[in-house]
């Protein structure tokens, strides 16, 4: 009789459970339909539906568990406490658990999904993709609740310092190159390597640090990369050999290569959709500020050759080395400021770190609300969707293994992870976008960096032609018993005769003596920069503390003459060097010319669209190259340089925004790093190709730059519009 009664009770409970489940599913479907019909930007829309689904499932599981407990589950008083009674790890901090109500291992409930261990990898990938799409929608709503305020502006200036360091690094190469190669006595065969190795270092650094940021985090990788840059940039100012200087600058470039891909990925992940385009464009201004800072410091420091000291003849610390130290300051400031900023919450969620992400988002919300004067506003997010975490095969090592081998295995695993993430950038649906972005980055960089090298070199070529046209020629002169204690500059002396003359404390700049004779002459404290003695004869002459050596005595005869305490190293002088100031001033104007383009692109980025601005800017930049035909003077070339920079900056800003928005979070750093690596590769090729054409022809650089820019702009118009996208 009791058994029959129990069967009836169980049947009744089962019927009630079925009815409750049917009612719950019906209400759930109606709720979803209502949510889809509501306006996405309505103030009443929230992410409650993301939480309700989990709460309904949790309640259903709890009901099942309660029924099981009534039918014979042992109590805590007799069996000890259950796992559910344990304090949640983040509960003391108020962090809600994202897995409340889930069944413990070994539990099976009716209607529950199949265990992950029984699913194929493709099924798990599909579930993760669904979770990421759901997280993208919810995260957008969370960022809207957090608002845009003090936290974003703090991060804006911190990341701006890092981006400023990248701009400084690019300009340091051009400003230091002539001084460093002259100071270290680099022959023409070795000249020019400095610019190439720095860009090569930045190319590998962009790919490596961008990929690593998808594994270790945005903040951590940016801190390490900027520290590498700052340390080796500082070290490069003290090394004396040119080969060691090249190594230090290459490693410094490797470090700063991670700045651009990580900075834009990091900042994009804390911005709401309606703020992203505009504020990423404002962030681009720091690259311009870096160029202005480098130009101003170069103008203020390098020409002042007196800002130097030496320790004997072995160690020289000239003014250009002071400039290198000063240019490392933005990097050091960025490292210090970055230590106080949190990790990207979007990255944390992507990697299953729900509690850390929730705390960072709450910090963002509370910081912005306090700044608004609304500290009472409560962060209402209970749970955030976390994508399914797919297990990866990891090669386990014995605990007693060699520590060095452990490090090597760790490096090998990270490099393999970076490569696998990179290969995912060529999977559907981002494969076509990756190829198009690489083409646009390459073409824009090839034209920009190529012309950036060509413009200053053309201006120098025009200056050299003008300088040569003003040379003074002296023929068959005879000077006897005269003291030269002033500067000789831009002169040619042919068949001269110098008898009993004294050359004391003077400078000889760009002076050539041809078929001249020096009889019983005295040279003391003489610097002869760019000067040579061709087919000359020195008889009974005395040289003390001069830089006249065999390299400057071309086919000359030295008879009964002596050299004492010759100056070692290569002599540098900037006194009355108009061209040095002029180069820095030209670069300053060219960098300042991008300011209007920066402002326009920031204000119109979300109004006319990223693609229209990208394609239009590149096409207009290509057309502006044709005006170079009329650049026959320095002033005209400077105007062309400013016009080109002003038109092309909008393309750079748009490309940064589009690249950050097109890639999913799990490969955003990798994809951005690959595109930026293509940018630096194009810079190397542009420097080599355009630099070799200076003084030869205008037609090839103009046609090459125009065709490349226009073609890249047309490809850019084929990219998908990302204005309405949430960050996947």
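Cβ atoms here come from the backbone N, Cα and C positions, even for glycine.
Those TrEMBL annotations? Automatic predictions, nothing curated.
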Per TrEMBL, the range holding transmembrane segment, considering 96-118, 119-141, 280-302, 349-371: 280-302
Closest-packing stretch to the transmembrane segment (280-302), where packing means Cβ pairs under 8 Å, from 155-178, 322-341, 670-693: 155-178
Leading stretch by Cβ pairs under 8 Å, where the reference is the transmembrane segment (221-238) and the options are 155-178, 244-268, 611-630, 636-658, 670-693: 244-268
Cβ-based contact of the transmembrane segment (670-693) with the transmembrane segment (155-178), 3 or more pairs under 8 Å: no
Remote residues contacting the transmembrane segment (437-455) - C-beta distance under 8 A, at least 6 residues beyond either end: 586, 590, 614, 618, 621-622, 625, 637, 640-641, 644, 648, 651-652, 655, 658-659, 662, 671, 674-676, 678-683, 685-687, 689-691, 693-694, 701, 704-705, 708-709, 711-713, 715-716, 719
